[in-house]
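Notes follow the structure.
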């Protein structure tokens, strides 16, 4: 980590933040201690006002170069030669942070199914402890898509004037029944795996393959599959789309964990920034920072109407839209449009 240095450093470093303080959860439960895996790149400027905090989606990690390579990195929009870039793996995720396979400090054994249900607000609270640990009094920009956008919006509420800009991409202020329904069907797929319920790291792996295949149908748009998975010859079986979905399921199951998927999908379901704050419109109206809400015209999971709703109810809101055939996943694909939108926003709102 290179908070301040007389030499320009853009090499990314990965570290573990060990928090010995208890983290109280919305459920009333708590973690007596926890850890977050995080990366930093670049350095703080003299005014300490160049912090960009990147928030990953459901199965992401703390290395945004791998999943947002068109936006973050040398000579990209968020260039570490100009910004101090932070990205932390969420609480509950399986890339180095406290998660269901971590040992419970109360008994020294893995949590497994005793891992507490967490919310997007809990995830934001854990991130804020890391912010304090890093000595960051203010953040220039929090940016995230999907689950990352939900966490970003929660964090924007609690950060108040410590945050200058929140960029919320393909996300919402409250989880819709549609999203919860998709997540529930995926958890049902995991439950149907005969290994689910067993105290072993690989439990639910085959079910996770199916869950991911279901998820892929919501991350894209029918036009995506029509363009990329249509057959060029007459067939009665062995369709491209079938092998594609099986491949995507296997690919995720080999790099992720079913228990983390379960926990984070539940966190996504829990998202409601108005809970305990007088309702969603009131919570949005209390956000102090400038908010850029970006929707995708073909997103069937987090609809563009939900993104537009955010911008209408925050005091300093801007709405922009990505046009794409790729549905929800457009925020990870349409870099040219994203860069244009971001450039316009910063020019208009940040001098």
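We count from 1, first residue shown onward.
Every residue, even glycine, has its Cβ placed from backbone N, Cα and C.
According to Swiss-Prot, the feature domain 'AB hydrolase-1' maps to 51-334.
According to Swiss-Prot, the active site, nucleophile annotation covers 146, on the basis of sequence analysis. Non-local neighbourhood of residue 146 (active site, nucleophile): 57, 58, 169, 170, 171, 301, 302, 328, 331, each in the same chain, at least six residues away, with C-beta under 8 Å from its C-beta.
Summarising the annotation, Swiss-Prot assigns substrate binding site to 212, 329 and lists sequence analysis as the type of evidence. The secondary structure of residue 329 (substrate binding site), as reduced to three states from DSSP, is helical.
The feature active site is assigned by Swiss-Prot to 299 (among others). Counted within 10 Å of its Cβ, the other Cβ atoms near residue 299 (active site) come to 28, all protein chains included. In the three-state DSSP reading, residue 299 (active site) counts as coil.
Annotation source Swiss-Prot lists active site at 328 (among others).
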Which residues of the same chain, at least 6 positions away in sequence, have a Cβ lying under 8 Å from the Cβ of residue 329 (substrate binding site)? 219, 220
Using the alpha carbons only, what distance in Å do you get between residue 299 (active site) and residue 212 (substrate binding site) once rounded? 17
Would you count the other CB atoms within 10 A of the CB of residue 212 (substrate binding site), including those on all shown protein chains? 24
Need one number: mean pLDDT over the domain 'AB hydrolase-1' (51-334). 97
